Every structure is written in structure tokens, then in C-alpha cells.
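Take a look at the structure set out below.
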Amino acid sequence: MIFKPQSFLKAIVLSMTITFAFNMSAPIASAYPIFAQQNYENPREANGRIVCANCHLAQKPVELEVPQAVLPDTVFEAIIQIPYDTQVKQVLANGKKGDLNVGMVLILPEGFELAPADRIPEEMKKKVGNLYYQPYSPDKKNILVVGPVPGKQYSEMVVPLLSPDPATNKNVSYLKYPIYVGGNRGRGQVYPDGSKSNNTVYNSPVSGTITEILKLEGKKGGYTISITKADGVVLTEKIPGGPEVIVKEGQAIIADQPLTNNPNVGGFGQKDVEVVLQNPVRIQGLLAFFACILLAQILLVVKKKQFEKVQLAEMNF
């Protein structure tokens with residue numbers, strides 16, 4: 001099914017439902033890209049970085065394929081690939097292990113937008129599947145988001161797009177335009193308020209000695225680690241369920257030394273490509289030029305044959 005303007009609310013509700021299913025007790029930060037929509041007017045910062053990187057700290061690859069050139073008012077497809085090892089498991093919000101989910105944001109040039117359902121070929125609809133692509137906001141139809149969705153099923157996404165027509169949209173010209181994509185797999189390491197999730201490494205805030213490691217009971221688990229400083233002050237660091245403690249009682253540590261491993265197996269990546277909005281008149285002119293060249297070549301060959309016949313006749317005479 002493909003998103004329609006009148007289905008905007010339905011798409012949001014569905015996306016939030018999927019988010020809840022994959023992150024049952026997680027704060028909104030893990031519900032990418034919804035939290036970006038709520039906190040940023042534009043997902044691409046002035047320096048070119050896509051805001052998803054603020055919470056997904058690990059760098060991973062992402063691929064984007066589009067045609068080299070498209071004609072105006074034409075439906076074409078963009079293929080996004082978010083590769084990862086589907087055998088690995090991530091730490092969920094409840095501290096348990098589960099499959100990774102993926103999400104992406106596609107930033108199109110002004111005038112480009114999601115293709116209407118009635119203009120998408122049946123073959124392309126099959127490639128899209130049941131993904132709902134929704135605008136980043138009501139006034140930014142050229143920015144599309146989706147996710148989180150199951151990574152095993154949607155590590156490759158096909159987005160049906162509609163190119164603008166400069167004849168009807170005076171803000172668009174026949175030029176080369178950039179397209180940006182950001183794609184992530186797995187949960188983030190930081191929440192919007194700056195606090196850590198349970199999908200990251202925890203470091204010691206001070207230097208001292210580990211005096212106690214207490215395992216917490218409950219559904220989410222976790223630990224409390226007591227660190228005694230040189231002046232005798234005891235500081236307690238709480239570790240949520242998910243990361244594994246890698247220090248021992250009696251161990252001397254320094255500030256910023258890791259107390260846990262880094263459980264994160266996901267990451268975020270971004271890429272940009274270019275697409276040319278091609279003027280049909282230019283193509284027609286180019287074809288006409290090639291036709292003239294071909295005709296000239298044919299005439300030259302014919303003329304050469306005639307000349308050779310005349311020479312041969314004169315020699316025989």
C-alpha cells in the first residue's frame with residue numbers, strides 16, 4: 001500500500017504502532033524517525049549532517065540508487081539499501097535481545113515528491129510492498145520518512161517518486177539536483193534529552209576503586225556499581241539492563257574507563273547522489289542531431305561509391 005495525502009494520519013498511527021511493537025517500553029528516542037520530526041524542522045543540518053546521527057552514534061554504510069536522469073512529470077524509483085548482518089541481535093529497551101529494525105529519511109529536491117498511488121505501475125507497487133512513506137511534515141512533501149520496520153524484511157526499500165514539471169512549476173528548472181538519504185539499523189545510543197539508552201557503553205565518572213557490584217532484580221535487570229574515590233567518597237553508578245559489566249570488585253579504575261562493553265550492533269549512515277531533470281526538447285534535438293550525422297555518413301558512403309564507379313568507368317574507357 002502506498003501513502004496518499006488523505007491517509008497522512010493513518011500513516012502516522014501505523015508507524016507509531018510498529019514502533020511500539022518493536023520498542024515496547026522504550027522512550028520516544030528509539031522511535032526513529034518520529035522523534036526527529038518532533039524535534040527538528042529540517043532533518044538536514046547546515047553542515048550537511050542528517051540529525052539521526054545525533055542519537056545513532058556508530059557509522060554504518062547506506063546505499064542509494066536513482067536514475068542518472070529523469071523526464072518531467074515522470075514516475076521513477078529510488079532504491080535504498082541498509083545492509084547489516086541479519087544474524088546479529090540488538091539490546092531491546094527491556095534489556096533482552098531481539099532483531100534489528102531499520103528506518104530511513106529521504107531528502108528530495110524541491111518539487112520532487114512521493115508518486116500518487118494511481119500513477120505507480122503494478123510492478124513497482126510489488127517492489128514497494130506494504131511500506132508507508134510519509135512526508136516529514138505537511139509543508140515538506142519532498143522529505144520522506146519510514147520506520148522503524150523489520151530489518152530482515154526491509155533492508156532494501158523501493159520508493160516511488162514523481163519528478164516535477166517546469167512547465168507547471170515555475171520554481172523548478174531543468175538542472176542537476178542532489179538527493180540525500182539517511183538510513184539506520186538498530187536502536188540509538190542517546191535520547192533527545194542527552195541521556196544514554198541501554199544500547200551503549202557506560203564509563204566511570206571518576207577515578208577510584210570498585211567496591212561493590214550489585215545485580216538488580218526485576219524485569220529490566222541492570223547493575224549498580226559503587227566506586228570509592230581516593231578521598232573516601234563513594235559514588236554509585238547505575239547500569240541499565242543490556243550492557244555487560246566488564247570490571248570486577250576491587251579493581252582500580254580511572255575516569256572515563258569503560259565499566260561495560262558496547263552492546264550496540266547497529267548504526268547510521270548517509271549518502272547523496274545526483275539526478276538530472278532532463279528537458280525532452282534537448283533529447284529530441286540530440287536525436288535529430290544524431291539522425292543528421294547518420295544521414296550525412298550514409299550520403300558520404302553513397303557519394304564515394306558513385307565516385308568509384310565513375311573512376312572505374314573512365315579507366316575502362
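Here the Cβ of each residue, glycine as well, is placed from N, Cα and C on the backbone.
Worth saying up front: this structure is predicted, and the values here are computed from it rather than measured.
Taken from Swiss-Prot, the feature signal peptide covers 1-31, and the record attributes it to sequence analysis.
Other Cβ atoms within 10 Å of the Cβ of His56 (heme binding site), summed over all protein chains shown, number 27. The feature heme binding site is assigned by Swiss-Prot to Tyr32, Cys52, Cys55, His56, with sequence analysis given as support.
Residues or ranges marked as transmembrane segment in Swiss-Prot: 280-302. If you look at the transmembrane segment (280-302), the same-chain residues 6 or more away from its ends with a CB under 8 A from one of its CBs are 71-72, 174.
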CB neighbours of Cys55 (heme binding site) within 10 A? 22
Collapsed DSSP category at Cys52 (heme binding site): helix
